[in-house]
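As written in Swiss-Prot, here are the features:
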| type | residues | note |
| --- | --- | --- |
| ACT_SITE | His12 | active site, proton acceptor |
| ACT_SITE | His119 | active site, proton donor |
| BINDING | Lys7, Arg10, Lys41, Pro42, Val43, Asn44, Thr45, Lys66, Arg85 | substrate binding site |
| COMPBIAS | 1-13 | compositional bias 'Basic and acidic residues' |
| DISULFID | Cys26-Cys84 | disulfide bond |
| DISULFID | Cys40-Cys95 | disulfide bond |
| DISULFID | Cys58-Cys110 | disulfide bond |
| DISULFID | Cys65-Cys72 | disulfide bond |
| REGION | 1-25 | region 'Disordered' |
| SITE | Asn62 | site 'Not glycosylated' |
Amino acid sequence: KETSAQKFERQHMDSTGSSSSSPTYCNQMMKRREMTQGYCKPVNTFVHEPLADVQAVCSQENVTCKNGNSNCYKSRSALHITDCRLKGNSKYPNCDYQTSQLQKQVIVACEGSPFVPVHFDASV
């Protein structure tokens, strides 16, 4: 079974991320990373930075998560990310996403030993 840390990597890490400038990036990646199985995941963020840099966020600024938990951490610097948002008229199985390239700070929830990201909470 996939661990929480592995799921985070599958859903949110794309360190090569060279093709994120393509308008079809989200449609391809959401399918490839298995987030359009059974339903279309409405919103998802991919981070185009080395995994080690994202894992390092777990030792940066401690902030409260959206759900009230206290194990979220905010990156010191802005990271290259791509936001994928399901278009309003899109229906499963034809999941159609809007692709937006951004540079923002990210907030991730971390847990475990080693202490690693397990949930993408927000970008700010």
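Positions of Cβ are set from backbone N, Cα and C atoms, glycine also.
Taking the features listed in Swiss-Prot, we show where each one sits on the structure.
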{"residue": "Cys26", "record": "disulfide bond", "DSSP (3 states)": "helix"}
{"residue": "Cys40", "record": "disulfide bond", "DSSP (3 states)": "coil"}
{"residue": "Thr45", "record": "substrate binding site", "DSSP (3 states)": "strand"}
{"residue": "Cys65", "record": "disulfide bond", "DSSP (3 states)": "coil"}
{"residue": "Cys72", "record": "disulfide bond", "DSSP (3 states)": "strand"}
{"residue": "Cys84", "record": "disulfide bond", "DSSP (3 states)": "strand"}
{"residue": "Cys95", "record": "disulfide bond", "DSSP (3 states)": "coil"}
{"residue": "Cys110", "record": "disulfide bond", "DSSP (3 states)": "strand"}
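Checked against Cys95 (disulfide bond), the recorded positions Val43, Thr45, Cys65, Cys72, His119 differ in C-alpha distance, with Val43 being the nearest. Rounded to a whole number, the C-alpha distance linking Arg85 (substrate binding site) with Cys26 (disulfide bond) is 8 angstrom. Here the compositional bias 'Basic and acidic residues' (1-13) has long-range neighbours at 33-35, 44-47, 51, 54, 108, 111-112, 116-120, meaning same-chain residues at least 6 beyond its ends whose C-beta is under 8 angstroms from one of its own.
A gap of 15 Å separates the Cα atoms of Cys58 (disulfide bond) and the residue listed as 'active site, proton acceptor'.
If you compare every pair of Cα atoms in Lys7, Arg10, Lys41, Pro42, Val43, Asn44, Thr45, Lys66, Arg85, the residues listed for substrate, the longest distance is 22 angstrom. Rounded to the nearest whole angstrom, the C-alpha distance between Cys72 (disulfide bond) and Lys7 (substrate binding site) is 17.
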